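Here it is, the structure in full.
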Amino acid sequence: MGGKERHEGKHKILAVLYKAGEYADNKKFLACAENGLGVKEWLKEQGHEFIVTDDKEGPDSELEKQLPTIDILITTPFHPAYMSKERIQKAKNLKLIITAGVGSDHIDLHAAAEAGMTVTEIAKSNVTSVAEDEIMRILILIRNFIPGYQQVIHDDWNVAAVAHKAYDLEHKTVGTLGAGSIGQEMMKRLQNWDLNLLYYARHQNEKIEKFGAVWEKDLDTFLSKCDVVSINVPLTDKTRGMIGKEQLSKMKKGAYLVNNARGDIVVREAIGEALESGQLNGYGGDVWYPQPPGKDHPWRHMPNHAMTPHLSGTTLDAQARYADGTKKILECWFDGKPLPEEDYIVREGELASQYQ
Ligand code: NAD
């Protein structure tokens, strides 16, 4: 399996990327449809067919139209091409799906495995970008920054309205739910901030402990000890809805929750209710379901949130890394070489262990 013969010849590759319009003039902005992850010319020179579209929803979309004839699909978590079982079954020639970034939950991974496909990510390409963003969101929430900013743009001035619930982060307990690459990067950055650091994981993890984080193996106990929880696990069958009403009730009253992992790891309505009741003092993140969310998505208008579109992992620095990683994967694939080990999510029909 995976021999040279299988991937020789000309390929038909579809990339689903959002359009950047006027912003595409910045050539560092690789992750948009106009700049095609920087691989357009390179693929053309080799005679491959490379199609880029942002049109991914519904039966008449360009994605649906191209599915039966493409053999490689490139998607990103920022403008996810939702690859349902039906779409995977329709894609008869499709052998490789590359997630340009980290997090492949927009793909039905079981269906992809069943179809014998390979799914890869660009592991670690944006962990720094996300870890930095999480620390920013924690500070934005705990310092009650957003109401102060809104006062300024609305020609207002009311120190009390902000200060009555603004705190320092110092001496608080900050926990990461998940001790993988992003959890570790976050703890590495926070290790000298005079905090109590905790991590919840299924197994003790030496890598995160070297930054002073202490293992808590019981989720409820972990939640009850933290002033701030940051979610850093992938969305899988086991983590979907992992933080709902019951788990939120175990948290300290007035705690903060930051989720840059995936929207569906938390229960949508439970977050709004916890913010309304004051059980949570703030919720921040950049991940939603679906993406883009409808105008009526409740997270747009719930109190005390620090939500943005999905952007923490797509800084220009991150784009350079995952564009480069995408090219490396294509090179390996064309040459019949194994792909970087840590990038595999599904390897020719076999699902990585954390998704099983
Ligand atoms: P990673 O694979 O390095 O770490 C994930 C960790 O979660 C692993 O240690 C794994 O053991 C743990 N885990 C998995 N299932 C678990 C469970 N049921 N209970 C407890 N722990 C569990 O991944 P990472 O690079 O740290 O990224 C984590 C997630 O963050 C990604 O899967 C993705 O969904 C999200 N992400 C978001 C952005 C963004 O732009 N917002 C960018 C990158 C990644």
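Just so you know, the numbers here start at 1 and follow the chain as drawn.
The backbone N, Cα and C atoms fix where each Cβ goes, glycine too.
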Among Asp194, Asp286, Asp335, Asp343, which is the one TrEMBL gives for the NAD(+) site where Pro234, Leu235, Thr236, Asp237, Lys238, Asn260, His310, Leu311, Ser312, Gly313 also bind?
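Answer, per TrEMBL (NAD(+) site with Pro234, Leu235, Thr236, Asp237, Lys238, Asn260, His310, Leu311, Ser312, Gly313), from Asp194, Asp286, Asp335, Asp343: Asp286.
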Under 8 Å between C-beta atoms and at least six apart in sequence, can you list the same-chain neighbours of Asn126 (substrate binding site), or say none if there are none?
Gly101, Val102, Ser312, Gly313, Thr314, Thr315, Ala318, Arg321, Tyr322
For the C-alpha pair, I'd like the distance in angstrom between Lys238 (NAD(+) binding site) and Arg262 (site 'Important for catalytic activity'), rounded off.
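That separation, Cα to Cα, works out to 13 Å.
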Can you tell which of Val102, Leu311 has the most other C-beta atoms within 10 Å, given these are the binding-site residues?
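Of the binding-site residues Val102, Leu311, the highest Cβ count within 10 Å belongs to Val102.
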Using Cα-Cα distances with a 10 Å cut-off, which of the binding-site residues Pro234, Asp286, Leu311 are near Arg262 (site 'Important for catalytic activity')?
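Correct set: Pro234, Asp286.
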From the binding-site residues listed here (Asn126, Pro234, Lys238, Asp286, Leu311, Gly313), select those whose CB sits under 6 A from an atom of ligand 1.
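From Asn126, Pro234, Lys238, Asp286, Leu311, Gly313, counting a Cβ under 6 Å from ligand 1 as near, the near ones are Asn126, Pro234, Lys238, Asp286, Gly313.
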Compute the C-alpha separation of Pro234 (NAD(+) binding site) from His310 (site 'Important for catalytic activity'), stating it in Å without decimals.
15
Far apart in sequence but close in space: which same-chain residues, 6 or more away, have a Cβ under 8 Å from Thr236 (NAD(+) binding site)?
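Asp105, Gln354, Tyr355 - these are the non-local Cβ neighbours of Thr236 (NAD(+) binding site), listed in sequence order.
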